[in-house]
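For reference, the structure is listed below as C-alpha cells.
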Amino acid sequence: MDAPAPKSIFARKRDLLYLSFFAIHIPIVFCVDVLPVYPEWMKPEPLLALRQWYIDTYQDRFFSAPPPWFSMYIWMELLYHAPLSAWAVGALMRDDPKVPIHLLIYACQTGITTMTCIAEYLSWDSFTNEQKLSLSGLYVPYLALSVFMGVDMFRRLEKRSAPGATTTSTKKQL
C-alpha cells in the first residue's frame, strides 16, 4: 500500500506558520544575528547600519555589549539554526516525515536560549521597565512560537508512536 500523498502546505496551517517563520528567520540570522562572527571584509555597510539601527532602537545589550556566553549562542545560530532553517523550508513544503523530530529539537534549543536571554535582560538594573518591555516585545513572541512548536511537534510524534498507529514503512510492509 502506498503512503498517502503529502498535503499541500496551505492545508497545514501550523506548518504554514512555521514556514513563514523560517523564511523570515534565515535573512535575520545572516543579516543581523551572526554579523559579529563575519570577517571584516564580509561586513557590508548596509548590514552594519541595520545592526546599528537595531541597537539604537532597542538598546539590546546582547548586540552592543554581549555577555561572554552570548558568543556561543551566535555560533549556534550560524552552525545549527541557519542550516536547520534552510532544511525546514523545503521539508515543510514537501511535508517531510522528519519535520516533527527536527523541529522538536529546534524548538527545545530555541526555547532554552530565548528564556536565558529573557532572564538576563530582566536582570539589567540599568534598564527601565519600559526598555525591558520593549525587549520583551521581541523576545517573548520568539519564545511563545518555540513553546507552541515544541508542543505541536511532541504531539505529532506522540500520535505516531501511539498503539495502533501506522507509519509509512509499516504501511509498505502490509
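In case you wondered, yes, glycine gets a Cβ from its N, Cα and C as well.
On a predicted model such as this, the values are computed, not experimentally measured, just so you know.
Pulled from TrEMBL, these are the features on record:
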DOMAIN    14-150  domain 'EXPERA'
TRANSMEM  16-38  transmembrane segment
TRANSMEM  72-92  transmembrane segment
TRANSMEM  104-124  transmembrane segment
TRANSMEM  136-154  transmembrane segment
Using a cut-off of under 8 Å between C-beta atoms, tell me which stretch among 16-38, 72-92, 136-154 contacts the transmembrane segment (104-124) the most. 136-154
As a quick check of your reading of DSSP, tell me how many residues in the domain 'EXPERA' (14-150) are helical, how many are strand and how many are coil. 114 helix, 0 strand, 23 coil
